[in-house]
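Lifted from TrEMBL, the feature list:
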- A:68-258: domain 'ABC transmembrane type-1' (DOMAIN)
- A:12-30: transmembrane segment (TRANSMEM)
- A:68-93: transmembrane segment (TRANSMEM)
- A:105-127: transmembrane segment (TRANSMEM)
- A:139-158: transmembrane segment (TRANSMEM)
- A:179-204: transmembrane segment (TRANSMEM)
- A:240-258: transmembrane segment (TRANSMEM)
Amino acid sequence: MADTKRLYLTKVVLWIYSCFTLLILGYLVWNSFRSKQDVLTNTIGWPREFTFDSYAAVFRDDHFGTNILNSVFILAATLLITVILSSMVAYGLGRYKFKFKQGVMMYFLVGLMFPIQLGVVPVFLIIKNLDLINSPWSVILVLSAGLSMPVLLLTNFFSGLPEALAESARLEGAGEWRIFYRIMFPLASPVIVSLCIVLSVSVWNQFFLPLILLQDEAVKTIPLAVMKYTSNILLSMDKALATSVLATVPILLLFFLFSERIISGVASGSVKE
Amino acid sequence: MGSLIKNKPYLWFILPGFILYSIFIIYPIFSAAELSLFHSNGFGSKTFVGLENYRELFTNPELKRQFFNALKNNLILVVLNVGLLIPIQLYFAYVIYTRVKGYRFFQTMIFAPQFITTSVIVFLATLVFDQNIGIFNELLVKIGLGDHVRNWLGVPGYELVTLFLINAWAGVGFSMIYFVAAMKMLSDEVMEASYLDGAGYWRRFFLIIIPQIRASIVNIAVISYIAAMTTFDFSYLLGGTSGGIGNKMDVMTLFFYRITFGTNGAMGGSVSSNSVGMGTTIACVMFAIIFLVALLQLKLSYRKEDH
C-alpha cells in the first residue's frame, strides 16, 4: 500500500528497536570471547586478547553440558507426551458422540483459567511424595499435564474432518486405533507443528517450575544455570557471558532460518482458538 | 473389558490424558483450596484452622503491607501493559500488516526476543544499564554527561518502569503477531472498498481495522492482564526473593514464593511453620482477584458484541 512510504517516525522507531536487539546480541557474543578481567575493567575498550576460555570453563569446571542435555530432554519428552495425549483426547472428543461430551470438553478447558502458581504447592507435595524432586520427570509430568490449549486446538481440527475418511477404512476392517494413527493423526500434522512451536517456546523458557522442582546443580535447566552465573557478575562474568551466548544464539539462528514458517505457525496456533 | 473397548472406543482415547490432567492440573486446585484452611508446612502434622489464614493475611500488619504492596505493583504493571503496550502492539501490527518497507525484517526482529530466556534478558539489560559494567553509563561519560551516571536498573521511584520496559522489549512481539494474524483474516473487499473511498491510512486503522478485530483485542487484553498479575521471572531475577530494596519490585507471585518456599529458595532457608497454609491462602486470594476481573472483562466485552 502506497501510503506506508510516509511513516518516517514509525520506521525510525522500528529500525532503532531492531538494531538495538542486534547490537546487544552482538555485544554479548563479542564479550564472551574476552577474559573476565578485560570485560570488567575495560568495558568498551578494544579487547586485549581473544580467548575461548569462558566456554571451556563452563563445560570443564561446571555442569553446563548436563544443563543443556536436561533442557533438551525435558523439551523433547514434554512435546512427545503432550502431542500424543492431547491428540488422543482431542480425537476422542472430536470424532465420537457420547453422553457428557460437553462436560468432558469443559473439564479440559477449565485448566486455561488457572495460573500455574495456584496449584504449585500441592504439585510440589505430590512430586515430593513420588520422590521426583530433582528429576527432570517432575517438570515433564507437570508441563505435559497442561493439555487444555492443545486439546482445544486439536478437537476443533478433528471434528472438522469428513466422516467418510474413517468410514471407508472401517469397511476395510481397520480398528478404531488404527484409523486414528494411520489416517487421522497424519492429517493433523500442520496443526501439530504449530502446536509444537508454541509449546517449545514456553517449555524451553520455563523458569518458575524448574526453580521449584529442580534444586541440584546437575539437574538444573539452562535458564536456571544462566541465573547462577548472572546473579554474581563480579565472580563469574565470563561464565555468565558464555552460557548466555550458548543459551541464546543457536536458538535465534534456528529462528532466523525458519522465521517465516515459525511466525505463521505461532499465528495460526493462536488465532484458531 | 473387551466389550467396553468395542462399544466405547473414545474412553481409551480420552483416559490417559484425562488421568494426567486430573492429577497435575485439577486436583491441585482443590487441594490448594483445602490446604489454605490448615496450619501446615507440608511436613508432619497439620491443624484445621478454618478461615484463620485468610484473617491473618489481612490483619497481620507485615503480611498485609507486603500483600497490598505486591498487589499495587501488579496493578500498575497491568495498567502499563494493557494501556500502553497493547496500543503499541496494535500499531506495530498495522504497520507490518500494511507491508511497510522492510516489514519482514521488523517482524522477525520484534519476535526474536521470544526465544531469549528471561534470565538472559535480565543479563542483557545488566550489560547495558548496570551502574559499573553497563555500556550506557560508559557512553554517557564519553559524551560528557558523566554527572548522569547511575544504576539505571534501580533508579529510585522508577523500579516498576524498569520492570515494564524490560518486559515490553522482550514481550512486544507475541501479541503483535496475533494482531497481524487477526488483521490478515479480514476480508480484502472491505479493505479495498475503504481504500477506494479515499479513507486515509489512519482512518482505516481506527475506523475499519480496530472495530473489526475488537474480539482479538479483548482476548489479548485478558491474557495480558493475567500475565501481568502472575508475572514472576523479572521481579525475582532483578530483585531476588524480596523483590528489590524495600520490596519495590515485589509482585504477588513472588510474595507467594517467599512465604511458601522461604527466602533462600525452595526447601532451604527460613520457612515458617505455616508456609504451606499461608502460601496456599495467598494463591487462592490471588486467583480470586484474577478470576473475577477476567470474568468481568470477558462479560463486558461480550455484552458489547451483542449490540
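Every residue gets a Cβ built from N, Cα and C, even glycine.
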Segment proximity, the transmembrane segment (A:240-258) to the transmembrane segment (A:139-158), 3 or more C-beta pairs under 8 Å: no
Top Cβ-contact partner of the transmembrane segment (A:240-258) among A:12-30, A:68-93, A:179-204 (pairs under 8 Å): A:12-30
Tertiary contacts of the transmembrane segment (A:12-30) (same chain, 6+ residues out, Cβ under 8 Å): 47, 241, 244-245, 248-249, 252
